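One structure is given here, and the rest of the page talks about it.
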Amino acid sequence: MPACCSWNDVFQYETNKVTRIQSVNYGTIKWILHMTVFSYVSFALMSDKLYQRKEPLISSVHTKVKGVAEVTENVTEGGVTKLVHGIFDTADYTLPLQGNSFFVMTNYLKSEGQEQKLCPEYPSRGKQCHSDQGCIKGWMDPQSKGIQTGRCIPYDQKRKTCEIFAWCPAEEGKEAPRPALLRSAENFTVLIKNNIDFPGHNYTTRNILPGMNISCTFHKTWNPQCPIFRLGDIFQEIGENFTEVAVQGGIMGIEIYWDCNLDSWSHRCQPKYSFRRLDDKYTNESLFPGYNFRYAKYYKENGMEKRTLIKAFGVRFDILVFGTGGKFDIIQLVVYIGSTLSYFGLATVCIDLIINTYASTCCRSRVYPSCKCCEPCAVNEYYYRKKCEPIVEPKPTLKYVSFVDEPHIWMVDQQLLGKSLQDVKGQEVPRPQTDFLELSRLSLSLHHSPPIPGQPEEMQLLQIEAVPRSRDSPDWCQCGNCLPSQLPENRRALEELCCRRKPGQCITTSELFSKIVLSREALQLLLLYQEPLLALEGEAINSKLRHCAYRSYATWRFVSQDMADFAILPSCCRWKIRKEFPKTQGQYSGFKYPY
């Protein structure tokens, strides 16, 4: 029993066998596809710098806003409204925020002189009452400004609300002033300091480099590297109106993108600035009005703590820093090249698809007969036969049958179920072409006295004439030389096969049958060709000659070794061979499955 594994199995190499087709058309297609793939791979390699190892950045941001705004607002004192002018500088309109953000106030509402005491609630929707029963003592509504005392008191001459303990007077629900009080904030400027680090490449840089003009202002075309931005220009870049946004406020994003090439031969690492609005300007303004928040300024008056509540509207600027730094890495280059090598197989896939399509049965039966222009494509059938070797599954039911009066071979892949093999219809299979180089290996006795084309001995197999039938010849026999099978009843149908489909001359009467199948000299030569020291005497030699004759007939009539393995010999040929090389006991086993 052979070993299941050995060192010889380890030290071996397997490769594919290819078929080279000499064709101008397919050669042109191959090189066009190869050059297309090569151009794409090269372009992607250089344009996207796929030979580099990419590293994300680590960033820190610091901002400084500069500018002064004059504010004019209406102030009511003692029932008299008057205009008050004021100045807002950086400390007034900017508030510290966490993270990479800063806030610029553009509008506001004030509630001055608030102190903790009892007062009526502001009569907003759902807050009015008619009696004390509409108020609950100790109730704290999340939408309320304080804690209810349980009393319903007048807010003004027409409306009554629940009394609350809160910062009084309660904040009024006024609309934001139009136009915005700090509408001149569009002229403010902001300086953005951005430091970045690529820890994987051990590289650090920033957006403000030595020698930069500190009095510059950012412009997308004329000064794209300046880190000082005018707020109005930021809105103008994205098509927004600063005056409109300043009324209710909003959220703006300042994007800083770093695409750094850290290779020494083409070093470049500069930021690219862009802007976008981050809040939804189409949201229902009655529910979500812009961006605002409240803060208070506390003070004491006559020993009492008071505050001024400010509802600030403005623009929050979020600075978003992202990007990568790339540097040449041999491993990345090798990985990219390896991943793109499979693209060159596109030519093979396309050409194989063309060959398989034009060699299909549909093209052969429908396209070529009706389209004269497509006839040259029939050469793909030849390419297909050279490229592909069809293999039929070697099942126990597989059998091949050849009739001397038909040009093709029949493949029978079914159970006979008692029906004679002569009458079973199978699938037509083209007869393989004979390799005439094999004829040179035949015995010398086959080379003398060759039949001349046209002589009667060559044409006799094609004549259809009445043949005297043997007394023992069964009904399915067409040549008159077949004999009944000796096999059991369940296997007998396998040997019920004649050499002809229609009545005519038997193939065993041909001269070539005698020279190839029955010639003892030829068969002995074949046996010695395989075993040079074989003893050609004794009882066992007849068995070897008989099986060699079976194989010689199968190889002669079926050509293909795969078909010969499953070939069923006609009854007339089988009995002719058995009579020439008989078995001592006279009992024969019949066809055996080879696998």
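Placed from the backbone N, Cα and C atoms, the Cβ positions cover glycine too.
Of the listed residues (C260, C373, C377, C572), Swiss-Prot tags C377 with S-palmitoyl cysteine; the rest carry no such note in the record, though that does not show they lack it. The recorded disulfide partner of C135, taken from Swiss-Prot and restricted to C119, C162, is C162.
Noted from Swiss-Prot: C129 is disulfide-bonded to C152, selected from C119, C152. Put simply, N202 (N-linked glycosylation site) is 67 Å from C135 (disulfide bond) when counted between their Cα atoms. By a simple count of nearby Cβ atoms, those within 10 Å, the most crowded of the recorded positions C129, C162, C269, C506 is C162. Residues V404, C477, Q478, G480, N481, C482, C498, R500, Q505, I507, T508, T509, P570, S571, C573 surround the recorded Zn(2+) site, their Cβ atoms falling within 8 Å of the Cβ centroid of C479, C499, C506, C572, which are themselves excluded. Here the C-alpha separation of C216 (disulfide bond) and C506 (Zn(2+) binding site) works out to 109 Å. For N202 (N-linked glycosylation site), the number of other Cβ atoms no farther than 10 Å from its own Cβ, over all displayed protein chains, is 10. Ranked by Cβ neighbours within 10 A across all protein chains shown, the recorded positions C119, C135, C226, C260, C499 are led by C499.
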